[in-house]
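Worksheet: the structure to be examined is printed underneath.
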């Protein structure tokens, strides 16, 4: 069934760059956070379609927005900083957007926040999970750093400045060097005692980071400019060890005394999308990847680089994947040309029938098809076409172009507690599942799916 529009969130005067679900634990409901390329952030009540708070989080475009705790929101901007905001005390927020071309934010109250300086020389996002933050490296945009920012021991502190304990646990990790190390280890396992030339060493590594996604506290994937997708395993040793003395007392010693630093290892690498830069990554049981090309790939997790990659590939017939969202029964892809398409996942029993029926979503040779085109949608840019000039001569009418869909986000409604009767009624009217699409004209539209 084609998505049905349920509402629009208007106010941003610039292209939307991020849309994420923010779980409001105070009211026990899901809300939405949007950002734009002028640094403005809006926190939305879905039932009323009105902002709970609006503020300018950065002086430049926002690249990443992530909820990292019950009341903390992380934003990452092109102004070379990551900021962490305590946003649940929203009663004092401004709830109005600035006028068009107005960037002064003095009248908009800022939430309490702390700041972390990071490298933003490229357009890669940052990624957070369980107290760890991955960012492009300070020294080299081709490499990456990993920070520990919220240790478990500080969880009881009342304010974010007290809880923040910034520690860089991995510095300037070089994927090319790690790949050579992994290949050498594999060669030794196979009994090969000489170095095999690496095609990646003939060029400037893998290029800059494009996308990064955490899968678990010990596993993450990075997509590169070269088109490679690399899976990294992170092993972090416990910071303290307990030693029992002869008298029976126990003392704790810092593990740094025995040089137990976190270790990184490459356990997966795919050159499937080369030479097209990776533009979208999404993990849902498997890793879904899109690039500047026309192909969607699905990668199965593996535990060693020695294993043969299991990749399913699909010809989307449209070049340039902007974003990907995946549900158990549906995959949604946004393209650079403004089209958003949905693909239903099919059971294996229906594969032969699907190959006969599918004309718009074919697979590459030797792959297994699991999808069927379900719907596609787009928004036209409003235009006034001139059919005749003043001298009466007919002129060619310009075809309308599409509004680019920048972001995709799946939002599931949840019950509101400790709220007014009016809010409870409004919450019942919200669809159980919404697809939110952030567009380049600053509008975020919600579709029932």
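Heads up, residue numbers simply count up from 1 along the chain you see.
Keep in mind that glycine also has a Cβ here, set from the backbone N, Cα and C atoms.
As a summary of secondary structure, the repeat 'WD 1' (11-54) carries 0 helix, 28 strand, 16 coil according to DSSP. The feature repeat 'WD 1' is assigned by Swiss-Prot to 11-54.
Restricting the average to the repeat 'WD 2' (57-95) gives a pLDDT of 90. Annotation source Swiss-Prot lists repeat 'WD 2' at 57-95.
Among the features that Swiss-Prot reports, repeat 'WD 3' is placed at 113-157. Beyond the repeat 'WD 3' (113-157), the same-chain residues lying 6 or more positions past its ends with a Cβ under 8 Å from any Cβ of the stretch are 63-64, 66, 68-69, 74, 76-86, 163-176, 204-214, 216-217, 220, 222, 234, 262.
Per Swiss-Prot, the feature repeat 'WD 4' maps to 224-263.
Under the heading repeat 'WD 5', Swiss-Prot lists 273-309.
Look at Swiss-Prot and you will find 313-350 tagged as repeat 'WD 6'. Long-range contacts of the repeat 'WD 6' (313-350) within the same chain: residues 3, 272, 279-282, 284, 288-298, 360-364, 367-379, 401-410, 435, 437, 449, each at least 6 residues beyond the stretch ends and with a Cβ under 8 Å from a Cβ of the stretch.
Per Swiss-Prot, the feature repeat 'WD 7' maps to 420-449.
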Residues from the same chain, set at least six apart from the ends of the repeat 'WD 5' (273-309), whose C-beta lies under 8 A from its own: 182-183, 186, 189, 207, 210-213, 215, 219, 221, 223-229, 231, 266-267, 315-328, 331, 333, 364
Residue counts (helix, strand, coil, in that order) that DSSP gives for the repeat 'WD 3' (113-157): 3 helix, 18 strand, 24 coil
